[in-house]
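Asker: My structure is below; once you've seen it, I'll send some questions.
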Amino acid sequence: MGNACRGSFGGKTFQGYPQPQDHSESNSNPKHNSDSPKPKKEQQPLVTMNRTSTNQSYYVLGHKTPNIRDLYTLGRKLGQGQFGTTYLCTELSSGIDYACKSIAKRKLISKEDVEDVRREIQIMHHLAGHKNIVSIKGAYEDPLYVHIVMELCGGGELFDRIIQRGHYTERKAADLTKIIVGVVEACHSLGVMHRDLKPENFLLVNKDDDFSLKAIDFGLSVFFKPGQIFTDVVGSPYYVAPEVLLKHYGPEADVWTAGVILYILLSGVPPFWAETQQGIFDAVLKGHIDFDSDPWPLLSESAKDLIRKMLCMRPSERLTAHEVLCHPWICENGVAPDRALDPAVLSRLKHFSAMNKLKKMALRVIAESLSEEEIAGLKEMFKAMDTDNSGAITFDELKAGLRKYGSTLKDIEIRELMDAADVDNSGTIDYGEFIAATIHLNKLDREEHLMAAFQYFDKDGSGYITVDELQQACADHNITDVFFEDIIREVDQDNDGRIDYGEFVAMMQKGNPCIGRRTMRNSLNFSMRDAPGAH
């Protein structure tokens, strides 16, 4: 089955679980014998909201969109969820197949429901570009539905693969866990908490490749600031962390959930289970992990050590996603990397600093044309770094932010990044400069963005960008100290002294021309875990 939308909007916030009573040993610590239940698909939400009919003429997305049927043909049903249905769809212009999740607006009763849909789309845009996260193609709205068009994953669910196999070898389980926790690390580094990780929410692109995994379904995901505490109880019973049940949690809950998935990968059964939902919650709150039943006596101590550290009852003592990836059981050849990878925004900033002025201005133009849902995540990150709420990031704020995210950059390197992003040489990075420097470069694959940017520079509509037009654009952006002829010469492939659309597109889409230099997109890819000024 393809990109099913089961549960995307199913596990809604509710009033919470009753505090646990005395737990019987039979409920909280059962042995995983031959009668132990296999993990079940979480088909039901933790609570069902009461819904009534309402007028659906409003815009859920907040703006008018093209008619999806002018761009795609909708085909057979791939999956069914509480709020909508996923269909196979084909792009008319290219013939490429995608998945389309159509969400019924009549089921979006409350303001919170509408915000959930918007936020899911925002988060998918924000996480765009990660190889193990399903990519969003676009969002559309008509009077009855919101349609989310995304990458098609036709290889089926990881859950079904687990059921077929029973359980995995340690090496294969380690490789799969590396992918799953890699997704968690990517989410956390961009200030996103998933909140509903489970095997059903990982699809295979290719049914013959166990490792072609893509995370789907960000319907319960939220943006978070470091230190922020969440109290709404969401998720799926088998996988929910104890602190979620106690209504006091943060992104550490995602690591717990990944630990539950790892336990299932190795044993074929969940670590916490009972005959009733409340019994499962009681078992989670007790936190006893069974390593005595088969196959655990035959598995390595290193695997058990990692599970204990991921299923640690105290969130503050639980491993972070990056620490999980550095654990000897996960690492290639049992050797952890000697340094942390650049967080997402940091790597984006590094890439940006290597671009010429024309490309930076073009990215600013593209950034200004992006929809609110495409940049909502970056807006949250900007606010977290702008600790004095001045509307601009100073050198000290950038330096403090990067230090908080574990960066070891020297002051001179941070200054280089600052200067690269500060296109107008004001001494600070304003909101527009930040967005331009940190938008994911997959935006450059979209023809409408490239054409709009080219037309911005081509003031007279001649089909060429001339030196005079480039000079005018720089003046409009308060950019000085630019050698216009040098920019033209760098981009002009046929040496006619001007830039045509093909040359412009080639410049925008080519890789970093200055390998080794720091770029702004690369440097603001920091982890939101310790965002400065966030509360």
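Placed from the backbone N, Cα and C atoms, the Cβ positions cover glycine too.
The region 'Disordered' annotation in Swiss-Prot covers 1-46. Taken from Swiss-Prot, the feature N-myristoyl glycine applies to Gly2, supported by sequence analysis. Marked as S-palmitoyl cysteine by Swiss-Prot on the basis of sequence analysis: Cys5. According to Swiss-Prot, the feature compositional bias 'Basic and acidic residues' maps to 32-43. The domain 'Protein kinase' feature in Swiss-Prot is assigned to 72-330; the stated evidence is sequence analysis. For 373-408, the entry in Swiss-Prot reads domain 'EF-hand 1', with the evidence type sequence analysis. For 409-444, the entry in Swiss-Prot reads domain 'EF-hand 2', with the evidence type sequence analysis. Taken from Swiss-Prot, the feature domain 'EF-hand 3' applies to 445-480. As annotated by Swiss-Prot, Ca(2+) 3 binding site applies to Asp458, Asp460, Ser462, Tyr464, Glu469, with the evidence given as sequence analysis. Positions annotated as domain 'EF-hand 4' by Swiss-Prot, on the basis of sequence analysis: 484-514. The Ca(2+) 4 binding site annotation in Swiss-Prot covers Asp492, Asp494, Asp496, Arg498, Glu503 and is backed by sequence analysis.
Surface or core, plus neighbours and distances: that's what I need for these features.
Answerer: Residues belonging to the domain 'Protein kinase' (72-330) score a mean pLDDT of 91 in the model.
Summarising the environment of Asp460 (Ca(2+) 3 binding site), the number of other Cβ atoms within 10 Å of its Cβ, over all protein chains shown, is 9.
Counting only same-chain residues six or more apart in sequence, the Cβ atoms lying under 8 angstroms from the Cβ of Asp494 (Ca(2+) 4 binding site) belong to Asp500, Glu503.
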Asker: So of all those binding-site residues, Asp492, Asp496, Arg498, which one's Cα sits nearest to Tyr464 (Ca(2+) 3 binding site)?
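Answerer: Spatially nearest to Tyr464 (Ca(2+) 3 binding site) by Cα position is Arg498.
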Asker: For Asp460 (Ca(2+) 3 binding site) and Arg498 (Ca(2+) 4 binding site), determine the Cα separation and express it in whole Å.
Answerer: 13
Asker: Which of the three DSSP states, helix, strand or coil, fits Asp458 (Ca(2+) 3 binding site)?
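Answerer: It is coil.
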Asker: Using a Cβ-Cβ cut-off under 8 angstroms and a sequence gap of six or more, which residues of the chain neighbour Asp458 (Ca(2+) 3 binding site)?
Answerer: Tyr464, Ile465, Glu469
Asker: Can you tell which of Asp492, Asp496 has the most other C-beta atoms within 10 Å, given these are the binding-site residues?
Answerer: Asp492
Asker: Ser462 (Ca(2+) 3 binding site) to Arg498 (Ca(2+) 4 binding site): how many Å between their Cα atoms?
Answerer: 11
Asker: Inside 8 A of the center formed by the CB atoms of Asp458, Asp460, Ser462, Tyr464, Glu469, which other residues of the chain have their CB, for the recorded Ca(2+) 3 site?
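Answerer: Here the non-site neighbours turn out to be Phe457, Lys459, Gly461, Gly463, Ile465, Thr466, Arg498.
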